Amino acid sequence: MNIIKCISLQTNYIWIIYNHIRQCIIIDPGESLKVIKMLNHLQLIPEAILLTHNHRDHTNGVFTLIQHFPKIKIYGPIETQNQNFATITVSEGDTLQILNQEIKVLNFPGHTPHHIGFYYKSWLFSGDTIFSAGCGTIQTGYTQAMYKSLLKIQCLPKNTLIYSGHEYTLLNLNFAISILPQDTLIINYLKKITKVLKKNKLLQPTTLQLELKINPFLRCNDINIQKSLNLFPKPGEEWKILQALRNKKDLYLVKN
(Lines of atoms letter the chains of each structure in order from A and count residues from 1; the text may use other names and numbers.)
(Lines give C-alpha, C1' and ligand atoms only; values in the text may rest on other atoms or scores of the structure.)
Protein backbone atom coordinates (compact mmCIF):
# COMPACT_ATOMS: atom_id res chain seq x y z
CA MET A 1 0.00 0.00 0.00
CA ASN A 2 1.13 3.52 -0.82
CA ILE A 3 0.15 6.83 0.72
CA ILE A 4 0.08 10.34 -0.71
CA LYS A 5 -1.03 13.66 0.71
CA CYS A 6 -3.20 16.38 -0.73
CA ILE A 7 -2.81 19.85 0.79
CA SER A 8 -6.20 21.49 1.26
CA LEU A 9 -7.50 24.77 2.66
CA GLN A 10 -3.94 25.97 3.48
CA THR A 11 -3.34 23.75 6.53
CA ASN A 12 -5.44 20.63 5.97
CA TYR A 13 -4.09 17.26 4.95
CA ILE A 14 -6.21 14.88 2.90
CA TRP A 15 -4.64 11.42 2.87
CA ILE A 16 -5.02 8.93 0.03
CA ILE A 17 -4.01 5.27 0.36
CA TYR A 18 -3.81 3.18 -2.79
CA ASN A 19 -2.82 -0.34 -3.82
CA HIS A 20 -1.02 -1.86 -6.80
CA ILE A 21 -4.18 -1.97 -8.93
CA ARG A 22 -4.86 1.75 -8.33
CA GLN A 23 -7.78 1.35 -5.94
CA CYS A 24 -7.73 3.93 -3.18
CA ILE A 25 -9.14 5.17 0.12
CA ILE A 26 -9.59 8.89 0.80
CA ILE A 27 -9.34 10.19 4.36
CA ASP A 28 -11.03 13.43 5.48
CA PRO A 29 -11.63 15.15 2.13
CA GLY A 30 -12.18 18.77 3.11
CA GLU A 31 -12.58 19.67 -0.55
CA SER A 32 -13.12 17.77 -3.78
CA LEU A 33 -11.45 19.62 -6.67
CA LYS A 34 -7.84 18.91 -5.68
CA VAL A 35 -8.69 15.33 -4.78
CA ILE A 36 -10.36 14.66 -8.13
CA LYS A 37 -7.41 16.19 -9.98
CA MET A 38 -5.01 13.99 -8.05
CA LEU A 39 -7.10 10.88 -8.63
CA ASN A 40 -7.28 11.57 -12.36
CA HIS A 41 -3.56 12.34 -12.58
CA LEU A 42 -2.61 9.09 -10.84
CA GLN A 43 -5.47 7.11 -12.42
CA LEU A 44 -6.80 6.06 -9.03
CA ILE A 45 -10.22 4.55 -8.41
CA PRO A 46 -11.70 5.50 -5.01
CA GLU A 47 -13.41 2.68 -3.14
CA ALA A 48 -14.03 4.36 0.21
CA ILE A 49 -13.91 7.60 2.18
CA LEU A 50 -12.96 7.54 5.86
CA LEU A 51 -14.06 10.43 8.08
CA THR A 52 -12.58 11.09 11.53
CA HIS A 53 -15.18 13.67 12.60
CA ASN A 54 -17.88 15.98 11.32
CA HIS A 55 -16.11 19.33 10.91
CA ARG A 56 -16.63 20.85 7.49
CA ASP A 57 -12.93 21.24 6.73
CA HIS A 58 -12.77 17.44 6.82
CA THR A 59 -16.03 16.61 5.05
CA ASN A 60 -16.84 19.36 2.53
CA GLY A 61 -15.56 17.34 -0.42
CA VAL A 62 -17.64 14.24 0.23
CA PHE A 63 -20.85 15.21 -1.58
CA THR A 64 -19.09 16.09 -4.85
CA LEU A 65 -16.92 12.97 -4.65
CA ILE A 66 -20.07 10.86 -4.34
CA GLN A 67 -21.45 12.51 -7.47
CA HIS A 68 -18.29 11.64 -9.38
CA PHE A 69 -17.95 8.15 -7.88
CA PRO A 70 -21.47 6.90 -6.99
CA LYS A 71 -20.31 3.48 -5.77
CA ILE A 72 -17.93 4.88 -3.17
CA LYS A 73 -18.64 3.96 0.48
CA ILE A 74 -18.33 6.46 3.31
CA TYR A 75 -17.34 5.40 6.83
CA GLY A 76 -17.40 7.71 9.84
CA PRO A 77 -18.47 8.23 13.45
CA ILE A 78 -22.10 8.71 14.38
CA GLU A 79 -21.70 12.50 14.31
CA THR A 80 -21.19 12.40 10.54
CA GLN A 81 -24.73 11.06 10.07
CA ASN A 82 -26.16 14.58 10.10
CA GLN A 83 -24.43 15.59 6.86
CA ASN A 84 -25.94 15.53 3.37
CA PHE A 85 -24.64 12.05 2.56
CA ALA A 86 -25.13 8.54 3.86
CA THR A 87 -22.42 7.23 6.16
CA ILE A 88 -21.70 3.75 7.47
CA THR A 89 -21.32 4.39 11.20
CA VAL A 90 -18.21 2.90 12.81
CA SER A 91 -16.60 3.08 16.24
CA GLU A 92 -13.91 1.40 18.31
CA GLY A 93 -13.99 -2.36 17.99
CA ASP A 94 -14.89 -2.23 14.32
CA THR A 95 -12.40 -3.47 11.76
CA LEU A 96 -12.96 -2.28 8.20
CA GLN A 97 -12.24 -4.66 5.35
CA ILE A 98 -11.29 -2.38 2.45
CA LEU A 99 -8.96 -3.12 -0.49
CA ASN A 100 -8.33 -6.54 1.09
CA GLN A 101 -6.81 -4.75 4.08
CA GLU A 102 -7.88 -4.52 7.72
CA ILE A 103 -8.25 -1.02 9.16
CA LYS A 104 -9.04 -0.73 12.86
CA VAL A 105 -11.23 2.02 14.28
CA LEU A 106 -10.25 3.77 17.52
CA ASN A 107 -12.43 6.17 19.52
CA PHE A 108 -10.76 9.55 20.16
CA PRO A 109 -13.41 11.79 21.77
CA GLY A 110 -12.29 15.27 22.76
CA HIS A 111 -11.99 17.52 19.73
CA THR A 112 -15.55 16.43 18.99
CA PRO A 113 -17.72 14.09 21.07
CA HIS A 114 -17.45 11.12 18.69
CA HIS A 115 -14.11 11.73 16.96
CA ILE A 116 -12.43 8.54 15.74
CA GLY A 117 -9.10 7.52 14.26
CA PHE A 118 -8.08 4.81 11.83
CA TYR A 119 -5.18 2.46 12.49
CA TYR A 120 -3.67 0.49 9.62
CA LYS A 121 -0.56 -1.59 10.31
CA SER A 122 1.75 1.08 11.80
CA TRP A 123 -0.13 4.09 10.38
CA LEU A 124 -2.47 6.17 12.54
CA PHE A 125 -4.82 8.63 10.87
CA SER A 126 -5.61 10.81 13.85
CA GLY A 127 -7.73 13.60 12.38
CA ASP A 128 -7.64 16.56 14.77
CA THR A 129 -6.81 14.64 17.95
CA ILE A 130 -3.03 14.94 17.76
CA PHE A 131 -0.65 16.98 15.62
CA SER A 132 3.11 17.10 15.67
CA ALA A 133 3.99 18.87 18.94
CA GLY A 134 0.33 19.66 19.59
CA CYS A 135 -3.25 18.51 19.93
CA GLY A 136 -6.61 19.66 18.65
CA THR A 137 -8.90 22.13 20.35
CA ILE A 138 -11.08 20.51 22.97
CA GLN A 139 -14.85 20.73 22.97
CA THR A 140 -16.26 22.15 26.20
CA GLY A 141 -16.72 19.40 28.75
CA TYR A 142 -14.50 16.91 26.97
CA THR A 143 -11.07 17.58 28.49
CA GLN A 144 -10.96 14.31 30.41
CA ALA A 145 -12.11 12.45 27.31
CA MET A 146 -9.36 14.11 25.26
CA TYR A 147 -6.79 13.20 27.91
CA LYS A 148 -7.84 9.54 27.68
CA SER A 149 -7.68 9.71 23.89
CA LEU A 150 -4.11 11.02 24.04
CA LEU A 151 -3.23 8.29 26.56
CA LYS A 152 -4.60 5.73 24.12
CA ILE A 153 -2.32 7.08 21.41
CA GLN A 154 0.67 6.95 23.78
CA CYS A 155 0.04 3.23 24.27
CA LEU A 156 0.38 2.44 20.57
CA PRO A 157 3.68 0.97 19.30
CA LYS A 158 6.45 3.57 19.35
CA ASN A 159 7.11 3.11 15.63
CA THR A 160 3.59 4.29 14.79
CA LEU A 161 3.50 6.89 12.03
CA ILE A 162 1.00 9.64 12.80
CA TYR A 163 -0.85 11.19 9.87
CA SER A 164 -2.84 14.08 11.30
CA GLY A 165 -5.38 16.40 9.76
CA HIS A 166 -3.41 19.66 9.77
CA GLU A 167 0.07 21.11 9.41
CA TYR A 168 0.74 23.20 12.53
CA THR A 169 4.20 21.93 13.44
CA LEU A 170 6.08 25.23 13.44
CA LEU A 171 3.45 27.02 15.51
CA ASN A 172 3.18 24.08 17.89
CA LEU A 173 6.92 23.91 18.48
CA ASN A 174 7.10 27.62 19.24
CA PHE A 175 4.34 27.18 21.79
CA ALA A 176 6.12 24.15 23.28
CA ILE A 177 9.25 26.26 23.76
CA SER A 178 7.20 28.92 25.53
CA ILE A 179 6.30 26.22 28.06
CA LEU A 180 9.70 24.49 28.14
CA PRO A 181 12.27 27.15 27.17
CA GLN A 182 15.21 25.00 28.29
CA ASP A 183 14.21 21.82 26.45
CA THR A 184 17.12 21.33 24.06
CA LEU A 185 15.41 18.56 22.09
CA ILE A 186 12.45 20.81 21.23
CA ILE A 187 14.76 23.74 20.48
CA ASN A 188 16.91 21.68 18.13
CA TYR A 189 13.90 20.13 16.44
CA LEU A 190 12.42 23.58 15.84
CA LYS A 191 15.66 24.63 14.14
CA LYS A 192 15.54 21.53 11.95
CA ILE A 193 11.90 22.04 10.98
CA THR A 194 12.48 25.71 10.21
CA LYS A 195 15.23 24.77 7.75
CA VAL A 196 13.02 22.15 6.12
CA LEU A 197 10.16 24.59 5.63
CA LYS A 198 12.47 27.25 4.20
CA LYS A 199 13.27 24.79 1.44
CA ASN A 200 9.52 24.42 0.83
CA LYS A 201 9.63 20.79 1.85
CA LEU A 202 6.45 19.36 3.31
CA LEU A 203 6.28 17.80 6.74
CA GLN A 204 4.30 14.81 7.99
CA PRO A 205 4.10 12.14 9.07
CA THR A 206 5.57 12.29 12.53
CA THR A 207 6.30 9.30 14.76
CA LEU A 208 4.91 8.47 18.16
CA GLN A 209 8.46 7.96 19.42
CA LEU A 210 9.29 11.56 18.52
CA GLU A 211 6.01 12.99 19.80
CA LEU A 212 6.54 11.46 23.23
CA LYS A 213 9.62 13.70 23.47
CA ILE A 214 8.54 16.97 21.81
CA ASN A 215 4.78 17.13 22.34
CA PRO A 216 3.88 18.81 25.65
CA PHE A 217 0.31 17.49 25.42
CA LEU A 218 1.71 13.96 25.74
CA ARG A 219 3.81 14.93 28.76
CA CYS A 220 1.22 15.83 31.36
CA ASN A 221 3.13 13.78 33.95
CA ASP A 222 6.36 15.67 33.23
CA ILE A 223 7.46 17.56 36.34
CA ASN A 224 9.06 20.27 34.20
CA ILE A 225 5.74 21.05 32.55
CA GLN A 226 3.98 20.99 35.90
CA LYS A 227 6.55 23.44 37.29
CA SER A 228 6.14 25.70 34.28
CA LEU A 229 2.38 25.76 34.85
CA ASN A 230 2.75 25.87 38.65
CA LEU A 231 0.19 23.11 38.73
CA PHE A 232 0.70 19.81 40.54
CA PRO A 233 -2.38 17.62 40.17
CA LYS A 234 -3.32 14.74 42.41
CA PRO A 235 -2.89 11.23 40.98
CA GLY A 236 -5.69 10.62 38.53
CA GLU A 237 -6.15 14.31 37.81
CA GLU A 238 -3.37 14.74 35.26
CA TRP A 239 -6.04 15.84 32.78
CA LYS A 240 -5.90 19.21 34.55
CA ILE A 241 -2.44 19.69 33.04
CA LEU A 242 -3.90 19.08 29.61
CA GLN A 243 -6.63 21.61 30.35
CA ALA A 244 -4.10 24.22 31.48
CA LEU A 245 -1.88 23.61 28.45
CA ARG A 246 -4.81 23.87 26.06
CA ASN A 247 -6.00 27.10 27.70
CA LYS A 248 -2.52 28.57 27.33
CA LYS A 249 -2.35 27.39 23.73
CA ASP A 250 -5.66 29.06 22.92
CA LEU A 251 -4.39 32.36 24.35
CA TYR A 252 -1.10 31.89 22.49
CA LEU A 253 -2.99 31.52 19.21
CA VAL A 254 -4.87 34.76 19.85
CA LYS A 255 -1.62 36.65 20.47
CA ASN A 256 0.25 35.07 17.56
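Including glycine, each Cβ sits where the backbone N, Cα and C put it.
Annotation source Swiss-Prot lists Zn(2+) 1 binding site at His53, His55, His111, Asp128. The secondary structure of His55 (Zn(2+) 1 binding site), as reduced to three states from DSSP, is coil rather than helix or strand.
Residues or ranges marked as Zn(2+) 2 binding site by Swiss-Prot on the basis of sequence analysis: Asp57, His58, Asp128, His166.
Take the Cα of Asp128 (Zn(2+) 1 binding site) and measure to each of the binding-site residues Asp57, His58, His166: the nearest one is His166. Other than the site residues Asp57, His58, Asp128, His166, same-chain residues with C-beta atoms no more than 8 angstroms from the centre of those residues' C-beta atoms, the Zn(2+) 2 site, are Asn12, Asp28, Gly30, His53, His55, Gly127, Gly136, Gly165.
A Cα-Cα distance of 14 Å separates Asp57 (Zn(2+) 2 binding site) from His111 (Zn(2+) 1 binding site).
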